[in-house]
Amino acid sequence: MADATDRPGTLREEGDGRGWWSVVGRLTAALLVLAAVYVGAALYFQDRPPAGVSVAGVDIGSLTDQEARAELTREFGDRTTEPLVLTLTPDGAAPEEAERVEVVPADAGLSLDLDRTLRGVTGLSFHPARLWDHVAGADRDLPLYGGVDEEALRAEVTRLAADYDTDPVDGEVGLTPDGVEVTEAQPGRTLEVEETVEELQQAWVGQVWDEEQGPDREVAGVASTQRPELTAAEIERFTQEVLDPALAAPVVVEATRGEGEQEEEARAELARRDLLQLLTVEQSDGALALGIDAEATLDRVRQDLGRLERGPRDATVRLAGSSVEVVGGQVGYALVEEGLVDAVEAALTETGEGRTVAADVDTVRPQITNAVAREWSFSQMSSFVSVFPSGPDYEARTANLRTGVANVNGTVVMPGEQFSLGAALGEVSEEAGYAEAPVIVDGELVMGLGGGLSQISTVVFNASWFAGVQLDAHTTHSFYIPRYPAGREATLALPWIDNLWTNDTDTPVVVRAWITGDEIHMVLLGDKQYTVRTVDGERRDVTRGERREDDSEDCVDQAPSEGFTIRNIRILLQGGDEVARDDFTTTYAAADEIVCTNPRAGGR
């Protein structure tokens, strides 16, 4: 019987098992070797393009990545320093009006994008095709791409816009006495920054620069036109349709005043030169309109028609000797302004006789008519007499009184008007006939222009007191002067201290004043409304001054005067009944006796 080990079938099975494992081992080893070689090749070729690869015609095959970048930079670097041309054509402008602006790519953040350019031919890749290209070579020309720093590009375009942009210039129509001046409208332009940045970015980044076709060095930017508010077309329309017809011929304004033999005519011709100064050009929302200076037009018309105008004159009165006579008033004439300027403006659109305007002249009645004046009646309302010191020492003072009384005489105070002694006296100056005479300053007599006029003020105050008219303002002297009624007297120191009263009757009051000897007389003529009763109180709180000697050259002798307080009441009666009263309390300071001891001093 044979041994199992000698069985042929068994031996074959054991031998076959060892063979398969051997084959597997050898195959695995071979695969590992191949894998190692594959990976090693991929690692080796990751830093260099395959042989035969070029960029825009520049061979970079078999160079390292760093060498390839250096070669491309050397070959194409000048493309970032050579200016691009940015063409700007505002909308609506003709192509030949385009402006060409240079942009240096490097200054605008435009560069070579070598990362994108070399992507796919450098870097670690286990793709069989990539490795095959490295082994067998690759006949391939790659495009060169550009890169963009958007912030830098926007800054550069913004800078260009600052130089490129212009504001629109409105047209203008000006009128001068010499003619019409027209300023042509000019459109503005604006470089649209964001849109232009996008155009430059797309042109640069999307650029394919190959060997046959270099980069497009001209890029169309985006610009817009800024239209002026007032266009040339509107100026032309206004000039032809409105202004030229308005200035085509004179505008004539005619007027007539009065009737019959009193009729008088006048005309004003507004010639082209006049119209150029009276008319205005107004602009609103891009449209022009013709205006007219109303005040200037009326002034110009009055240069020729003004002789037809005159103010009305109220009826009044005047002193004729010792009586009052009425001075008749007269009507006035006034150009009717309402509607006149509108009529002149309307005539500007007319031709022929349509350019003649008829102006109205109104009759203006006086406020105080002759009929009213004839109803006035005049009688003596009051009278007052005041004695003044005379003689050689008082010549200057007396001269002032004569001048002042002459100026006040004949003053007419119309109903409702206020009498002012300062206004009636006129300017107190040497030229007006006034001289230096003693006046009271700080309780002492000194020389002053118009000295003595306070006596006229006292006369005026008493005349108005007894006439029963409204007393408005008066000021008593600082110390008492014996020739005046105590408490019923008034000083004068123009322009600070005046003497005022109002005619509160319906009839004019006429002042009649004159000097006889050493007396000032004053009579008020008018329509007296009241009976006047006067109550003069007793003097109280009497004081006395001192005696002083003064050796100065400007000393003025001064008599002593007691100081005291007194009350004066004016009662107005009508039909025996009291209707009003005025109550005054006056306190006088004591006046020192001053004796001048200097021979060169003096003045009365």
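Each residue, glycine too, has its Cβ placed from N, Cα and C.
Note: TrEMBL annotation is automatic and uncurated.
According to TrEMBL, the features are:
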TRANSMEM  20-45  transmembrane segment
DOMAIN    140-205  domain 'YoaR-like putative peptidoglycan binding'
DOMAIN    285-353  domain 'YoaR-like putative peptidoglycan binding'
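Confidence over the domain 'YoaR-like putative peptidoglycan binding' (140-205), given as mean pLDDT on the 0 to 100 scale, stands at 89.
DSSP assignment over the domain 'YoaR-like putative peptidoglycan binding' (140-205) gives 28 helix, 24 strand, 14 coil. As a summary of secondary structure, the domain 'YoaR-like putative peptidoglycan binding' (285-353) carries 25 helix, 23 strand, 21 coil according to DSSP.
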